[in-house]
Amino acid sequence: MQDFLRNLPKVELHLHIEGSLEPELMFALAERNGIELPYSSVEEAKAAYRFKDLQGFLNLYFQGMSVLRHEQDFYDLAMDYFKRASSEGVVHIDIHFDPQAHLQRGVSLDVVMSGLLSAKQEAEQSLDLSVGMIMAFLRDRPAEEALQVLEQAAPYWSELDAIGLDSAERDHPPSKFVTVFKRAQELGLARVAHAGEEGPASYVIEALDLLDVCRIDHGIRCLESDEAVERLYQKQTVLTVCPLSNVSLNVVDSLTHHPLPALLDKGLNVTISSDDPAYFGGGLLANHIACAQSFGWDEEAFLILNRNAIKEAFTTEPRRQELLARLDVVKY
Ligand code: ADE
Ligand code: ZN
């Protein structure tokens, strides 16, 4: 099974590129940029990655990304993950990135975008990997700031596939961002949002109704509301579920109790992703292996999940058809 999962062409729709920053690279960039880290070694950093909840993780996530200052740093961050993912059989990734987290530290949007876009271009030329770009807004910051960043990103609108909504979910409902998402719609950008991770099922419904999203990131708490499940089922809105993330952030108490099988039983359009692989114990392959071990799924289950992901990926139609055709001939 592990060989099958490694060789399977896998697609990841939910990945925060800043959450792919491995401690080894964090230390190298800290040294390069003369930045002091609160850890004395890679081991000490890894030992600190035990989280009580989403906010506990976000604190270390924002601290970790403080080593990213220059275009080269963003390029190195993204290429490091693209190479690792590609070596594990990942063929497409839609990346989230958090411009506000960098602007706040005095790092310009041009620095962030040039580094990430060069890495995307390099990966698409030299690796068997396509990359979608999701500019995410921090929901615990003011909506006006998000709108301003969206306008500031005008030179890059054509490079973006979508906008997203992430960071601390509790008490920051989708309704807060209606104006920003309407503006993105006017600009012809797709919309996605984290909802139903730590927040209630009603946020899933709000994201569908008020933000007109084509994708719900996480969404697992939809199971607490028949209405939310029904709405997701009727629209077949894709859910980007991140099993190892949910266990790390205590959204679920163990993988064997994870609601993934229940979501599939309800006929929902489920996919799996790694969210923040450097912090949650592994990338897309590790998430696949963990699911195989915990749920006893057969090969067909993983083909279905990755077919769902390919259909919803932010990529060109020829690439989508190529990836679907490659799944059709996978042997097991
Ligand atoms: N930003 C990075 N990872 C996140 C997660 N799991 N939920 C919300 N915001 C995030
Ligand atoms: Zn996420």
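The first residue you see is number 1, and the count goes up from there.
The backbone N, Cα and C atoms fix where each Cβ goes, and this holds for glycine too.
Secondary structure at Glu197 (active site, proton donor), taken from DSSP and collapsed to helix, strand or coil, is coil. The Cβ of Glu197 (active site, proton donor) lies under 8 Å from the Cβ of Leu54, Glu169, Asp217, His218, Gly219, Ile220, Arg221, Asn246, Leu249, Val251, each of which sits 6+ residues away along the same chain. Per TrEMBL, active site, proton donor is recorded for Glu197.
His16 (Zn(2+) binding site) carries a strand DSSP state (E or B). Annotation source TrEMBL lists Zn(2+) binding site at His14, His16, His194, Asp275.
Annotation source TrEMBL lists substrate binding site at Asp276. Neighbours of Asp276 (substrate binding site), defined as other CB atoms within 10 A of its CB across all chains, total 26.
Taken from TrEMBL, the feature domain 'Adenosine deaminase' applies to 9-328.
Just so you know, the Cβ of His218 (site 'Important for catalytic activity') picks up 27 other Cβ atoms within 10 Å once every protein chain is counted. In three-state terms derived from DSSP, His218 (site 'Important for catalytic activity') belongs to an extended strand segment. Summarising the annotation, TrEMBL assigns site 'Important for catalytic activity' to His218.
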Check: same-chain CB within 8 A of Zn(2+) site center, minus His14, His16, His194, Asp275: Leu15, Gly19, His96, Asp166, Asp217, His218, Thr240, Cys242, Ser245, Ser273, Asp276
Residue pair Asp276 (substrate binding site), His14 (Zn(2+) binding site) - Cα distance, angstrom, rounded: 9
Candidates near ligand 2 among the recorded positions Glu197, His218, Asp275, Asp276, judged by a Cβ under 6 angstroms: Asp275
All-chain count of other Cβ atoms within 10 Å of His14 (Zn(2+) binding site): 31
Close in space, distant in sequence - His194 (Zn(2+) binding site), Cβ under 8 Å, 6 or more apart: Arg139, Gly164, Leu165, Asp166, Glu169, Ile216, Asp217, His218
